[in-house]
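Quick look at what TrEMBL annotates:
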- 16-36: region 'Disordered' (REGION)
- 17-36: compositional bias 'Low complexity' (COMPBIAS)
- 46-66: transmembrane segment (TRANSMEM)
- 78-97: transmembrane segment (TRANSMEM)
- 129-154: transmembrane segment (TRANSMEM)
- 166-182: transmembrane segment (TRANSMEM)
- 194-215: transmembrane segment (TRANSMEM)
- 266-283: transmembrane segment (TRANSMEM)
- 303-323: transmembrane segment (TRANSMEM)
- 335-356: transmembrane segment (TRANSMEM)
- 362-383: transmembrane segment (TRANSMEM)
Amino acid sequence: MRKAAVAVAIDSTMQHSLSSSSSPSSTLPAAAPAAATPAPRASSPLRLLPGLLLAGALAALGTWLAQLPVMASHGFSALTLSIVLGLLVGNTLYPALAPRCADGVGLAKGRLLRAGIVLYGLRLTFQDIGQVGVAGVLIDAAMLTSTFLLAQWLGARLGLDQRTSILVGAGSSICGAAAVLATEPVAQGRPSDAAVAVATVVVFGTLGMFLYPALFHWNAAHGWLALDVQQYGRYVGSTVHEVAQVVAAGAAVGPQAADVAVIAKMVRVMMLAPFLLVLSLWLTRRGRGSAAGNANPRGGITIPWFAVLFIAMAGVNSLGVLPEPAVHAGIHLDNALLAIAMAGLGLTTHVGAIRAAGVRPLLLASVLFVWLVLGGLALNVLVPL
């Protein structure tokens, strides 16, 4: 449109120069077309507003639904509900709205997502590491590493696209939907890849919320394993997908189990930033920049700076220099940004693309879930507190 506007202006100027000798007032008609052109609107920030409002409205609805007792008791977070709402609207009404909303939705799942990951650091302090001890940190690291490597190995055997394997592995090994969102730009995943990965988090994380307490109570009745409440909490925190699901699975046994589970989970979440840095290096070394890596044309390493800032934010929070109201406000803002990003992701994901992925991502996630349940149980029973 900008080229068109320039062409109109040049044409008008030429007409004016040919007729200027007959009418000095002809300068007004010549200037009018250039002034009336809508070209400047193309770069106006207002073009972002429709998409941001749409994603924000879906995120607000998802957040409200997550606070309902029936949703909270089943561990459905605002993030998972926001992407579900986004998928519903994205595959019904959004195609007609896309011409006006695409720019804002793109901002939501891009820059707003990265800002949300940075602010996620406000939930953590380095003091959390001390509360779980060396054993807890080692268990978290072992489960993260083994689960992700298993995802890559099995994903390749199943013939999955590497981006899908990376995102499913990240969601299972670290912190569910938030990890999928954080990993997507590093792996250069497609919206459909991320949606599939989030779907596996919802399915198996929800299953885990019911399975883990049932296993604990069954073991307490039969005494097969020496698993006390604290070990159970560490077990849940080191293996269950989402933070909300961890809270639900821990609280089903008792408040002490829930407290230990959340602390263990927060230490696992803190490993997100180092994971992203190592992932970027690994993808670059593998030379897959054009397909799923993050390598630049010169072969250097592209550092996901939002991951570095995530660590910095956790460090600032650890110092205790931020007022408590500011920390709470930052966490609320972070919840909103991540929910908006999830809604944007859902809006741009077509159900047909998810169907095209078939059952292989689900099969991959199911094997990872079995490993989390059995491998995590063995580690937490064998390693003392």
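Each Cβ is built from the backbone N, Cα and C atoms, and glycine gets one as well.
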**Message:** Take the C-beta pairs under 8 A between the transmembrane segment (46-66) and each of 129-154, 194-215, 303-323, 335-356, 362-383. Which stretch has the highest count?
**Reply:** 335-356
**Asked** To the transmembrane segment (166-182), which of 78-97, 129-154, 194-215, 266-283, 335-356 is linked by the most Cβ pairs under 8 Å?
**Response** 194-215
**Message:** Can you tell me which recorded stretch out of 78-97, 194-215, 266-283, 335-356, 362-383 has the most Cβ pairs within less than 8 Å of the transmembrane segment (129-154)?
**Reply:** 362-383
**Highest-contact recorded stretch vs the transmembrane segment (194-215), from 78-97, 266-283, 335-356, 362-383, CB pairs under 8 Å** = 362-383
**Complete:** Taking the transmembrane segment (335-356) as reference, the highest number of CB pairs under 8 angstroms among 78-97, 266-283, 303-323, 362-383 goes to 78-97
